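**Student:** Before we start, here is the structure in question, set down as structure tokens.
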Amino acid sequence: MKPFEYLEHTADIKFRSYGRTLEEVFSNAAKALFNSMIDLNDIDIELEEEIVVEGGDLEFLLYNWLSELFYIFDAERKIFSEFDVKIRYREGGYSLRGNARGEEIKEKHIFDTGIKAVTLHDIFVRGSDSGDGYICQVVLDI
Amino acid sequence: MEIKEIEDDVWEIPLGYVEGMRVPGRIYASQKLFNNLERDAIKQAANVSTLPGIQRYSIAMPEAHVGYGFPIGGVAGIDAEEGVISPGGVGFDINCGVRLLSTHIPADEIRPKIGALLDEIFREVPSGVGSKGKLRLNEKNLKEVFQGGAKWAVENGYGFKEDLDHCEENGFMKDADPSKVSKKAYKRGMPQLGTLGSGNHFLEIGYVEEVFDPRSAEIFGLERGEVSVLIHTGSRGAGHQICTDSLQILEGSSKKYGINVPDRQLACAPVGTEEAEDYYGAMCTAANYAWANRQIITHWIRVAFKNILKVEEEDLKLVYDVAHNIAKVEEHEVEGKRKKLYVHRKGATRAFPPESKDIPDGYKGVGQPVFIPGSMGTYSYVLKGTKIAMKETFGTTCHGAGRVIARGRAKRTYTGRKVREELKKMGITVRVAKDSILAEEAPQVYKSSDDIVEVVDRVGISKKVARLKPLGVVKG
């Protein structure tokens, strides 16, 4: 199973990510986010960040997870290529605890597209058609 | 359901095209542009018409293409007493906009020095992904920027008092409320003031190649053959974060107030509620940040011109500065009555007519200047606002060329080197952070600005004043 793929979108970036578990889908979505800006192979593992977000439903949890990662990228100038995710359901919503591994932005990093934000447009998280995993879709504003 | 051309270049999306439409949709497009219009963009324009309080019709401009929430090129006038306010109608890049500087420098004089001039501008104005600004702001400074916009910039030595008279809202919105801005937006905002950004943002040196309306051109200070500068950027990470934060809150309030939106990006809150007021206060701070940003960049461009061409900073005059991603409270006539509306413009430009109280005194005789940037290799246009725009489109016209080819496909189809060579043949020099950006932003990936401007001119929601031809472009 491929971890993620980019779909045709005129002005912005649309991607889908896949996984056997929700955790894997969320982790692959984070990879798709960073991969849209820079080759993941160009990111060394030198540091780790812990991220905790919540969401009333899975879509909102995904939006908050990716938005938080993007915030750390833009505000703290860090990029990531490896992720561990744990998702828990509690009454009224979901919570996610994630670890992101990567490094600080350096001279050697040359970026492709500049992303402005993660959007809620056309966002979904659902079981895959084959029934053995999950799939999500996200549009990034650029 | 069929979309009919109800007048020349005006198409109607009928009620019922999507469920819950409160008013019909209206698309301004020639047959050619309509044929190429994405179905999803039409659907998005129809979705907008489900927002509570929307007046008359949901509007799509000729460059319309798929966005998120609203289409890009989308306009909605929403009742300021009984309607809603939606960040989906403004976008993440709050007050992304364009300003035009005019000079009396002949184009021929600049051609031999264009490379040196672009290098100097590239040095002066930080651009590209992850670039840091030259300013060192603390939280207190940034709060002043959020409050004061371009006025803050001028007071701190970036530009002249006269510049402020030539900005929409005089370069700052008084409803800005920095206390509604998150710590995260502050953190992103501090290092990025005075940066161009990336994507479709650019600085373009060009010249007035053609004048269609000599009287208006003269009043705007534009003379054929003379150099001009276009600046296209917005509110950077601060604005993007403010929109991200607001969506988190407004998504909840749509549910809380029982508003059913067909796209979660259209999350909204009823006017007058705490959520709506907080968003508007924060949106205005982001708008002010963008005006300060364009003002600071203007100053550095003046310095670059002074260093390379030995002209005075005052020789670069600000013609005007327009916002094309914004929501504003305005009064418009609806069914014979004056009504206060939140006019949402998402990839659309205010185009107020002659005698409007909201345009500079010097322009009252002709109307508000409007700038329509083309893509890297194509013409940009200067237009003026009209009475027809007030009557038909809540005083609004188009904003730009509009993409037709996705970035991924552009990169597979064109190479940066080839685009650079083609542009060179056309007499256009470019400076970019990375060559692949040239492929992504190749002239062919945009609709022709000529086609779009022809439609708005024919329909009369703005009129052509002059056409600018690019000589050099800096892209982030």
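Here the Cβ of each residue, glycine as well, is placed from N, Cα and C on the backbone.
Curation plays no part in TrEMBL annotations; they are all automatic predictions.
What TrEMBL records for this protein is below:
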BINDING   B:ASP93, B:HIS201  Mn(2+) 1 binding site
BINDING   B:200-204, B:324-325, B:373-376, B:SER380, B:399-402, B:LYS475  GMP binding site
BINDING   B:HIS232, B:HIS324  Mn(2+) 2 binding site
ACT_SITE  B:HIS399  active site, GMP-histidine intermediate
**Student:** Using C-alpha atoms only, work out the spacing between B:HIS201 (Mn(2+) 1 binding site) and B:HIS232 (Mn(2+) 2 binding site) and round it to an integer in Å.
**Tutor:** 5
**Student:** Between the binding-site residues B:ASP93, B:LEU203, B:GLY402, which lies closest to B:HIS324 (Mn(2+) 2 binding site), Cα to Cα?
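**Tutor:** Sorting the binding-site residues by distance from B:HIS324 (Mn(2+) 2 binding site), the top entry is B:ASP93.
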**Student:** What is the interatomic distance between the Cα atoms of B:LEU203 (GMP binding site) and B:ASP93 (Mn(2+) 1 binding site), given in whole Å?
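**Tutor:** Checking the Cα atoms of B:LEU203 (GMP binding site) and B:ASP93 (Mn(2+) 1 binding site) gives a distance of 17 Å.
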**Student:** Reported as an integer number of Å, what is the Cα distance between B:SER375 (GMP binding site) and B:HIS232 (Mn(2+) 2 binding site)?
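**Tutor:** Cα-Cα, rounded: 12 Å.
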**Student:** List, in sequence order, those binding-site residues among B:ASN200, B:ASN325, B:HIS399, B:GLY402 whose Cα sits within 10 Å of the Cα of B:ASP93 (Mn(2+) 1 binding site).
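**Tutor:** Of everything listed, what lies within 10 Å of B:ASP93 (Mn(2+) 1 binding site) (Cα to Cα) is B:ASN325.
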**Student:** Using a 10 Å radius around each Cβ and all protein chains in view, which of these binding-site residues has the most neighbours: B:ASN325, B:SER375?
**Tutor:** B:ASN325
**Student:** Would you kindly determine which binding-site residues in the set B:ASP93, B:LEU203, B:ASN325, B:HIS399 have their Cβ under 8 angstroms from any Cβ of chain A, listing them in sequence order or replying 'none'?
**Tutor:** B:ASP93
**Student:** Might you list, by sequence position, any residue in that chain lying six or more from B:ASN200 (GMP binding site) with a Cβ less than 8 Å away from its Cβ?
**Tutor:** B:HIS232, B:GLU441
**Student:** Would you mind ranking the binding-site residues B:HIS201, B:HIS324, B:HIS399 by how many other Cβ atoms sit within 10 Å of each Cβ and giving me the lowest?
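**Tutor:** Counting other Cβ atoms within 10 Å of each of the binding-site residues B:HIS201, B:HIS324, B:HIS399 gives the minimum at B:HIS201.
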**Student:** May I ask you to report the DSSP-based helix, strand or coil state of B:ASP93 (Mn(2+) 1 binding site)?
**Tutor:** coil
